[in-house]
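Shown next, in structure tokens, is the structure this report addresses.
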Amino acid sequence: MITDPIARAAARRFIGGCTLWALVGVAALFLFSLAVTTAVATFAGPIEVSGWGEVSLPLKWGFLAFGAVMAVVTLPQHVAHGRTRREFAVHQAVCVVAMALVTGIAAASAFALESLVYRVMDWPQEVSRTGLYTEADQYALVALEHWLVLPTWIGVGVFVSLGFYRHIALGAALIPVGAVLVHVVEAAVKSVDFSAPYLAEPLAALGVGSGPGVMVASCLVGFLLAMVVTWAVVRDIPLRSRTH
Amino acid sequence: MSPTISAEELRLRYRNTTAVDGLTLTLDGPGIYGLIGRNGSGKTSLMSVLAGFRRASGGRARVNGQPVFENPRILPEICLIRGGADTVEHELRNRVSDALKLAADLRPNWDADYADELVSKFGIDRTKRVVQLSTGQRSALASILGLASRAPVTLLDETYLGMDAPARYAFYDELLRDSMAHPRMLIVSSHLVDEVSPILERVVMIDQGRLLLHEDAETLRARGATVSGPADTVADFVSGRTVLNERRLGRSASAVVYGELAEADRAHARESGLELEPVPLQDLFVHLTKGENR
């Protein structure tokens, strides 16, 4: 619970603002997918898959980019106005989770909205993918998958961009770290037996089987590692000036 | 509480460059302090450490007796506005009103009425995006963020950069007026010494990351004198003294001499028909920081 009114205002502005932009981004992408679907139906033939299902990957990349921009804009603003890096690190972690939560709900709602259009147009709303949800009307699983993977995607965007803000070499060095984290959480939710990549055999040796628990734990560890790396980058990050 | 700043053996290094080199300094009480130094002398680096923008490489920086870096109790009391609109560079996509709202949300002593007054005074359109403002207007906006923050320790690092002369003088007037109405520690860094010197109460001069002097502005001006009168008489009077600057116009001349004048010297000057005035800080600054050109 934040008791300092200024810190509360900072948190409200940061988390509320980012969450709102996340919703705007999802809405814009949804409208874009509908527009493309309509164009394809008009000019290229029948629709066979869900347009919203096809933009699942661009949505994640969009959130990674959003996390990157959000971090390099917000951190200097907050520190320049007398807030600490520690406070920023906590607020951004909450912000990332809040964005993932609303995006999960928004993504499921988008499938529901899309189903109305597809029903009217008599198009099949198929989802051609592997992952937690394999049908467009598995709304709970749609939300759950976004809740599990988006925090890591956004967190990777945050630490890579702050790495570049700090030093170009650090930013470049953090790209493979981010790639590994994203791969771990994506592989965890997409594997048929929910096993964690790289960890399945060691876990089996320890007598821990694969299953939903391991998948959730893998995603949680991915997100926590992203936050740890973010803190390592941000804890004494200098605010750049034009000369240094 | 009267604001205090103390730096002990403060150091800041950027890879191969030492920007602040073992600087020890104490500033105590409200007033307008001038931080004066040549380009690259370490002014911005020193201010950045004092405001927690950067962690010092060594030594200690304290405000009101407390360490600055990452200290949530003291950082809201400090406001650093960097020159050339650096402070608003992350607000470029925002409107002016958004930048003011952000400051209002995050600055505990923010004075919204005063900010509105300054926005009108500097003729800034609050509906414009920051990126649409001219460089001078961005600098003015940054200065408004500093002044209206009413932070007990406000550091203004060459905030005038990009402002035209009328805007700069309006800023200096506002700085003086507001510091009298709301006493606090205002530290103004500049290398336009002539312009800023009339409003300074104390002067901190640094060079190559080291403290050159820290004195009351009046005491500093008394370290020398500007002598003016008939050219021959001026030449006789300054003979054997350290002359910082000399000007001649027809049969009249003026010279700036360095070194305190004894009362007998002053009396002699007056008897010879010479006028004595305090030494311009600009000349003193040039004299004290001359050396190898950088």
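Numbering starts at 1 and runs along the chain as displayed.
The backbone N, Cα and C atoms fix where each Cβ goes, glycine too.
Features of the protein shown, as given by TrEMBL:
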| type | residues | note |
| --- | --- | --- |
| TRANSMEM | A:20-47 | transmembrane segment |
| TRANSMEM | A:59-76 | transmembrane segment |
| TRANSMEM | A:88-113 | transmembrane segment |
| TRANSMEM | A:147-165 | transmembrane segment |
| TRANSMEM | A:172-192 | transmembrane segment |
| TRANSMEM | A:212-234 | transmembrane segment |
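The transmembrane segment (A:59-76) shares more Cβ pairs under 8 Å with A:147-165 than with any other stretch in the list A:20-47, A:88-113, A:147-165, A:212-234. Listed by sequence, the residues of this chain that lie at least six past the ends of the transmembrane segment (A:20-47) yet keep a Cβ under 8 A from its Cβ atoms are 54-55, 58-59, 62-63, 66, 99, 102-103, 106-107, 110, 113-114, 117-118, 121, 123-124. Note on the transmembrane segment (A:172-192): residues 64, 130-132, 145, 148-149, 152-153, 155-157, 159-160, 163-164, 198, 210, 214-215, 218-219, 221-223, 225-226, 229, 233 of its chain, located 6 or more positions outside it, place their CB under 8 angstroms from a CB of the stretch.
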